[in-house]
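Report on the following structure.
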Amino acid sequence: MKKRIPTLLATMIATALYSQQGLAADLASQCMLGVPSYDRPLVQGDTNDLPVTINADHAKGDYPDDAVFTGSVDIMQGNSRLQADEVQLHQKEAPGQPEPVRTVDALGNVHYDDNQVILKGPKGWANLNTKDTNVWEGDYQMVGRQGRGKADLMKQRGENRYTILDNGSFTSCLPGSDTWSVVGSEIIHDREEQVAEIWNARFKVGPVPIFYSPYLQLPVGDKRRSGFLIPNAKYTTTNYFEFYLPYYWNIAPNMDATITPHYMHRRGNIMWENEFRYLSQAGAGLMELDYLPSDKVYKDEHPNDDSSRRWLFYWNHSGVMDQVWRFNVDYTKVSDPSYFNDFDNKYGSSTDGYATQKFSVGYAVQNFNATVSTKQFQVFSEQNTSSYSAEPQLDVNYYQNDVGPFDTRIYGQAVHFVNTRDDMPEATRVHLEPTINLPLSNNWGSINTEAKLLATHYQQTNLDWYNSRNTTKLAESANRVMPQFKVDGRMVFERDMEMLAPGYTQTLEPRAQYLYVPYRDQSKIYNYDSSLLQSDYSGLFRDRTYGGLDRIASANQVTTGVTSRIYDDAAVERFNISVGQIYYFTESRTGDDNITWENDDKTGSLVWAGDTYWRISDRWGLRGGIQYDTRLDNVATSNSSIEYRRDEDRLVQLNYRYASPEYIQATLPKYYSTAEQYKNGISQVGAVASWPIADRWSIVGAYYYDTNANKQADSMLGVQYSSCCYAIRVGYERKLNGWDNDKQHAVYDNAIGFNIELRGLSSNYGLGTQEMLRSNILPYQNTL
């Protein structure tokens with residue numbers, strides 16, 4: 001039995017099977033120009049019973065045993081065709097067989113083809129009963145796909161299921177180019193299993209052999225097969241030389257895994273990255289476990305830590321079972337706060353301030369749903385590791401619509417908050433929220449009147465440390481009951497734009513909302529889960545200023561806004577603009593002295609927001625938004641982008657984003673917003689571009705500049721060359737990777753990456769632009 005040892009060579013050939021890049025139609029069509037296609041009518045089913053047709057210039061024989069055909073001999077049966085200068089037909093009776101065995105020997109310019117392969121050589125043999133075929137000292141070419149080579153002997157077996165090569169070679173390069181090839185003493189291609197087995201395999205670049213393996217198994221189709229994927233290498237200032245060698249494991253039809261040894265020179269060890277994917281009756285999920293046994297750099301930088309092991313565990317699951325049960329997991333945990341600064345990972349970033357660990361189980365039937373969940377946070381700040389977790393939380397909703405003209409709902413929540421620090425307050429919170437709605441609507445407008453009661457009870461513990469250090473004392477038991485009343489009206493007006501743009505339609509959509517919530521002093525309640533909600537135009541019409549339930553601001557306000565849209569004759573939205581404001585009749589308060597703007601006693605028009613989108617053409621788009629808050633005395637946030645996009649490989653985008661330091665302080669958790677890099681807010685201008693610059697060459701670049709710090713924030717440049725049988729990519733990235741508190745400046749990481757992949761084994765001809773765009777620390781977002 002021949003020993004089977006998976007080797008690195010499988011990596012270099014199997015890559016196309018697992019690639020997720022899109023198609024580059026131009027390159028794909030160019031590559032297929034050199035590939036033969038099957039141009040005869042395809043015969044379906046069993047072709048062995050079909051008649052054999054023989055055409056030749058001359059024929060002679062001893063009927064019925066032997067016959068010799070010479071001169072342009074052409075033999076056809078079903079999808080198979082054999083041509084040669086001379087063919088000798090032999091027919092013999094076989095004991096126990098109803099039909100005689102018919103074989104042919106072919107000499108001179110032998111050409112065999114069917115809908116799978118073309119074989120050419122000076123000598124051939126075929127069994128017309130079984131379709132077994134031999135061709136000696138010739139070459140072969142796959143039909144309808146890239147793949148060709150040579151062999152001392154080429155055999156078709158198993159009714160064209162197997163192609164067997166003795167001392168053969170394989171390459172996906174087009175005729176005239178042997179950039180790479182695989183040579184083996186025996187190659188067996190199984191079309192049903194979509195796998196090729198190669199013994200004594202040598203991988204060649206041009207005529208030079210560079211790698212040997214006694215056995216190689218590689219996928220040659222879309223069927224999942226275990227094997228090595230393409231290796232990657234890069235150099236970074238954080239880890240120096242890095243090398244990845246991923247292995248794909250097809251465990252079962254409903255589960256697979258990718259195991260990647262990741263060598264990092266500076267760390268002095270190999271990180272094992274293990275990604276597991278599964279599909280079950282309870283849903284689909286993905287798990288990732290990365291483990292570095294020891295890290296010499298971390299050990300030097302943190303001598304007081306008992307262990308230098310670094311690890312990450314990620315689990316994402318979502319599923320429904322029996323149509324009523326819902327299961328969700330969103331769990332990320334790392335060994336230490338510096339993990340995402342030291343290692344690139346798609347499940348977290350150096351700009352993240354925390355990792356979330358959330359589990360939930362839900363039950364839902366008509367008019368009712370309930371969810372039990374737990375939520376924890378791992379804070380990465382070394383200055384303040386305080387954070388609250390919900391252990392556990394119960395949410396219940398009951399709906400009953402069409403109660404006369406009304407819709408009703410009752411929402412309830414019970415949650416227990418625990419802090420990571422022993423001296424911080426903890427609480428059990430119970431909340432009940434009955435709601436009644438009166439919805440009225442017609443073709444041109446709607447009005448929704450809503451009333452609800454917000455009743456919350458707190459039982460707070462562990463208050464001694466906090467109360468001893470603050471003037472405002474927390475209460476062990478606190479109740480808060482407040483009604484809420486809201487009226488929300490909308491109208492939609494529509495007109496044809498025949499004078500300016502025939503076929504176009506414009507809408508005018510005014511909206512007005514009145515909201516009333518009485519003031520309740522919440523200073524005796526600690527803030528466990530509330531923060532200021534980010535606002536855009538639609539956010540102006542929210543009921544709440546804060547997320548969570550610990551801070552419910554009073555409201556006596558009117559929100560007004562208007563949206564206008566323009567649709568073309570194909571009902572595609574070409575333009576929209578929205579502008580709105582909140583007018584406060586009385587100040588919005590919670591009684592919390594830590595909220596600075598509550599001390600201003602401001603009323604009137606305090607918050608403005610606007611959004612716009614303009615699809616100038618099918619290739620040009622403009623998008624922007626702004627929020628102004630007089631309580632912050634400045635623009636709170638703004639963003640804008642303009643983009644030209646010809647297709648997924650040809651695009652240019654300019655963008656700008658801004659967030660004031662006051663806004664960041666108000667919206668983000670305290671342990672996150674006090675980080676030094678956010679004290680001046682965010683003000684970044686950037687550009688992203690992707691374009692094929694020459695035949696088969698493409699380039700991707702991104703550059704972001706921090707106008708507050710007057711320095712580069714992030715940049716990336718990638719270049720890829722793509723051909724029909726290989727692609728090479730080189731990339732450079734400089735990105736923000738944390739903050740040095742001692743030196744009070746940002747820390748950057750520089751990375752140079754190199755990647756090579758073999759093409760032609762699948763339909764992947766992507767130019768690599770989408771993958772390079774996604775790799776940036778600020779990923780590209782489509783404006784159109």
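Glycine is treated like the rest: Cβ placed from N, Cα and C.
Annotation source Swiss-Prot lists signal peptide at 1-24.
Marked as disulfide bond by Swiss-Prot: Cys31-Cys724 (among others). Under the DSSP three-state reduction, Cys724 (disulfide bond) is assigned to coil, being neither helix nor strand. Packing around Cys724 (disulfide bond) is summarised by its Cβ count: 23 other Cβ atoms lie within 10 angstroms of its Cβ, all protein chains included.
Per Swiss-Prot, disulfide bond is recorded for Cys173-Cys725 (among others). Taking all protein chains in view, 22 other C-beta atoms sit within 10 angstroms of the C-beta of Cys173 (disulfide bond).
For the disulfide-bonded residues Cys31, Cys725, the ranking by surrounding Cβ atoms (within 10 Å, all protein chains) places Cys31 first. For the pair Cys173 (disulfide bond) and Cys31 (disulfide bond), the Cα-Cα distance reads 9 Å. Rounded to a whole number, the distance between the Cα atoms of Cys725 (disulfide bond) and Cys31 (disulfide bond) is 9 Å.
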